[in-house]
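These notes concern the structure reproduced below.
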Amino acid sequence: MVFLSNLVLTVALAAAGLGAALPPKIGNTVIDGKASLKQVRNPHHVHNGALSVYKTYLKFGAPIPDYLEAAVANLTRAGPGKRATGSASATPIDTFDDAYVTPVSIGTPAQVLNLDFDTGSSDFWVFSSETPSSEVNGQLIYTPSASSTSHLLSGYTWSISYGDGSSSSGNVYTDTVTIGGLTVSSQAVECAEQVSSSFSSDSAIDGLVGLGFDSLNTVSPSAQPTFFDNAKSSLDSPLFTADLKHQAPGTYNFGYIDSSAYTGTITYVPVNTSPGYWTWTSSGYAVGTGSFSSTSITGIADTGTTLLYLPTSIVTAYYRQVSGSSNSRTYGGYVFPCSTTLPSFTFGVSSARITIPGTYMNYGPVATGSSTCFGGLQSSSGIGINIFGDVALKAAFVVFNGASSPTLGWASKAL
């Protein structure tokens, strides 16, 4: 792992008012109030469009439609797929930009795990020495007893439930965590004692780094701060940026905005932090060279979701312009001939516009060698929430501003 910054931050959990049950606050040491993190590839990704949709349903606790269950069963017989991610220190494993991992150092001496950076959740959880061997499928594990800086939070537990009735859960330690040179000395590390099958099948994903708001954290009896929330008071600016790329390594920066990473100006919009997502409202959309339709589209900016999920009316308006497209129950979503040239998709950020190139809207073949491709835009109707996932985020430079009144900043960039 190559660290790209000399930043060392020491922040205690008690700084967020977690009560006497947690370790006392340790003084902050700041060498430089910023950090830059380059992406690296997940070397074991298996591409599967239906499975990407399926796991989005699971993530947001939505009931799985029968047709989607059947599509996943049909398309995964050759082997499991991978969860959609967008990660600081991650690169897309294949040409479809849908599998990212982040090397993260935990403990003393450091134990390096490959984690998913996820702005759509707020738990820092990992496969661990306490995870049953039957639920570990090639993942790296964190062993608290091997770290001289680990401390068990007695009586603390965590549990995340999914739409298929499965769950991941366990106990909680604090330990030193370093990501790209950015170090938090007493980060809550949630150790899995049980892992849902959807994560067990992801052999290259060893856990998650949640970057949503603390209210989404599932630790009981007291919710724990995210890695970003622990670190942000010592950053030059309380923000991080996502500069995901298409078929190339992207970058997450903490504490500063790289003016060379975008073009024009950054347009900021308010964020609704309830129940804990980076929720914002787009001002409308356009398909290809068509006219802009002004309409409010409230959704979340989520690096942990691969696709773009919008209302059915917008999705159908898009695919009306795609020759040979259909909403396939067999494949679990909108598909089209791979030979088709897709139109671009534009969404509004107040008066600004972000345009997703048509090439980004193609998630890739429904199966290896197939001439049928899966759409990067799918309906949000069954999920219950609109999601600006990596398909949208790759087309923009995005600022996650965690100030007292949080905002999201969007800017165009060279694509």
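Cβ coordinates come from backbone N, Cα and C, glycine included.
Note that the coordinates shown come from a computational prediction; the quantities given were computed from them, not determined experimentally.
The signal peptide feature in TrEMBL is assigned to 1-21.
Residues or ranges marked as domain 'Peptidase A1' in TrEMBL: 100-411.
Cβ-based neighbour count (10 Å, all protein chains) for Asp118 (active site) stands at 24. TrEMBL lists Asp118 (among others) with the feature active site.
According to TrEMBL, the feature active site maps to Asp302 (among others). Within the same chain, residues at least six positions away from Asp302 (active site) with a Cβ under 8 Å of its Cβ are Asp118, Thr119, Gly120, Tyr277, Trp278, Ile387, Phe388, Gly389.
Taking the Cβ of Cys373 (disulfide bond) as reference, residues of its chain lying under 8 Å away and at least six apart in sequence are, in sequence order, Val335, Phe336, Pro337, Cys338, Thr340, Asn362, Tyr363, Gly364, Pro365, Val366. If you look up TrEMBL, you'll see Cys338-Cys373 marked as disulfide bond.
The 10 Å shell around the Cβ of Cys338 (disulfide bond) contains 15 further Cβ atoms across the protein chains shown. Per-residue confidence over the domain 'Peptidase A1' (100-411) averages 94 (mean pLDDT, predicted model).
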